[in-house]
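According to Swiss-Prot, the protein has these features:
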type	residues	note
BINDING	C125, C128, C146, C149	Zn(2+) binding site
BINDING	K300	ATP binding site
DOMAIN	529-629	domain 'tRNA-binding'
MOTIF	10-20	motif ''HIGH' region'
MOTIF	297-301	motif ''KMSKS' region'
Amino acid sequence: MKFYITTPIYYVNSEPHIGSAYTTIVADIIARYKRFMGYDVFFLTGTDEHGQKVLQAAQQAGKDPQEFCDELAEKFKRLWKELKITNDYFIRTTDEMHMKTVQEFVAKMKENGDVYKGIYKGWYCVPCETFWNEDEVIKEGEERFCPECKRPVKWVEEENYFFRLSKYRDSLLKYYEEHPDFVEPDFRRNEMLKILEGGLKDLSITRTTFKWGVPMKDDPEHVIYVWVDALINYISAIGYGWNDEMFNKWWPADLHLIGKEINRFHSIIWPAMLMSVGLPLPKKVFAHGWLTVNGQKISKSLGNAIDPRFFVKRYGNDVVRYYLIRDIMFGKDGDFSEERLVHRLNSDLANDYGNLLHRITAMIKKYFNGRLPSPSAQEGFDSWLKERFFETKDAYHELMDSYRLTEALDKIWEFIADVNKYFNDTKPWILGKEGNMERLGTVLYNSLEAVFKVALMTLPVMPDTSEEVFRRVSFEEKPSKEHLENWGVLKPGSTVIHGEPLFKKIDAKDFKKVVETVSAEQNAITIDDFSKVDLRIAKVLEAEKVPNSRKLLRLIIDLGTEKRQIVAGIAEHYRPEELVGKLIVVVANLKPAKLMGIESQGMLLAAKSGDTLRLLTVDGEITPGAKVS
């Protein structure tokens, strides 16, 4: 049995955050589960390193794009290692093997009559690397915004190669009808069906305005569209075009795991590309929801990107993994909350699970000198516990096989509650006091066997914790499905280690300290970082509204040695006449940018709370151009 699972490859315009870690952790859990069940698994992840957005990020960092990509790819690799991700391969789209595969794949599409040259006229979102038609963008007066990221799009007119995507609309609809489980969850499938039923337009698949990408094989002035380049990673990594035996073993993929915002690329464009070259389609695309912070999508531009390493350092890798899966229903949007994480740690892990093991091993140490007792004649309550285990085990397999990970953990914790009930209701402490060692031994054996089963079922989610449980019960074999299928795996007479509690609870005072420390560490910058920002006092000489914009004002400011123009989104908070004569704080060494076609030569500073915005100013007269330090 084989199982090929992929994550999206992550864009290297910025460092990894908790959102990208979430997808990769989910994939790792599924991969670990499949290995546990006896599958031969290939788990692929990697980085998407071409495109205009990466080029711009490299330029802003003052680095060569390859050097920039090398550094960020290493950061992703290091993070996955810290999170104990068990991927089998890490692909980079700048790999020579991948780039050659992309060229050959697109050449084959062209040979099959599905690629032609034309003129593209339309909107383009650089942050999303996505083309949009006029009827798809968000309109605010003369401004146009990306329907996905809500940032401004730019009008593009250039000679491109196009993919005949429209040709495959009917074939895709038929495939969706014949394979109702192709895209999950159902509501994501319905979104894709709605797009297909509305008709498809041919897709521009090359760019000529920059060179950071894979050149067309027979027309190197054209760089292949970054999304076409990226999607092909799923087959280039497993041998397409260079290792037929490997490719035939693993393709088609069993599961493409993605975020909902890139569903259209994976569930419409990618299948059409595969149809074009005659390859089978992946078995399933699962589009999960967004991980949000305070209700907002995680984004570097919003300043709410969370570095998962801080939480792993504070709470442990297994705690973070457990929280993300248990608290966020897989497939739907979920909000990351450190307070909820601590609640799950204290309640689910420390109280329900860890304390149960601690109580059992303490009694084995006290009454049986740390040796696992032999079970004897079974009573009704013993049979009930076993029945509950087998019911849980069967439900666990069904839920894990259908990627209902949150529900699988719910079932396990229902069983933990059952084990706690069994332990409490059989009252082993009374059995010990009464000297009923035979019955006590049976209760403690069954209780520890049940906790061992919990460790087996949670092994994909909390590998370190499960390994620690195995160590404490002297289980030295490689864990497998067979150990979960049968009751009575633990060997009587084996050493049972009592040890420290599996999880350390966090009280309210400690939680406050952790939050303050983590916040300080995540936001900390060096004095060298701060010194790079040139903050100056400027005097506003003129102010006016930008035509056709309800948000923007154009300011002429005096910086002492020169006058500059700044465009700022403060029109909803200040009238132009209110600003003239004010002394404000500006970033003077910011790279100029165009807003609504007007060049902004700096950025003013303001504070915002809810709907209130106020400019940063000074409490008295000072010469324009004075440096803020």
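Any Cβ shown, glycine's included, is placed from N, Cα and C.
Through the fold, the motif ''HIGH' region' (10-20) approaches residues 45-49, 51, 53-54, 56-57, 68-69, 72-73, 75-76, 79, 259, 290-291, 298, 300, 305-308, 311, 336 of its own chain, all at least 6 residues removed from its boundaries and within a Cβ separation under 8 Å. Same-chain residues at least 6 positions away in sequence with a Cβ under 8 Å from that of C146 (Zn(2+) binding site) are, in sequence order, C125, P127, C128, T130, W132, V137, I138, P152, V153. Following the DSSP three-state reduction, the secondary structure of C125 (Zn(2+) binding site) is strand. Counting other CB atoms no more than 10 Å from each candidate's CB, the binding-site residues C125, C149 peak at C125. Close to the recorded Zn(2+) site, the chain also has V126, P127, T130, W132, P147, E148, K150, R151, V153: residues not among C125, C128, C146, C149 whose Cβ is within 8 Å of the site's Cβ mean position.
C128 (Zn(2+) binding site) has a Cβ environment of 19 other Cβ atoms inside 10 Å. Over the motif ''HIGH' region' (10-20), the average per-residue pLDDT in this prediction is 87.
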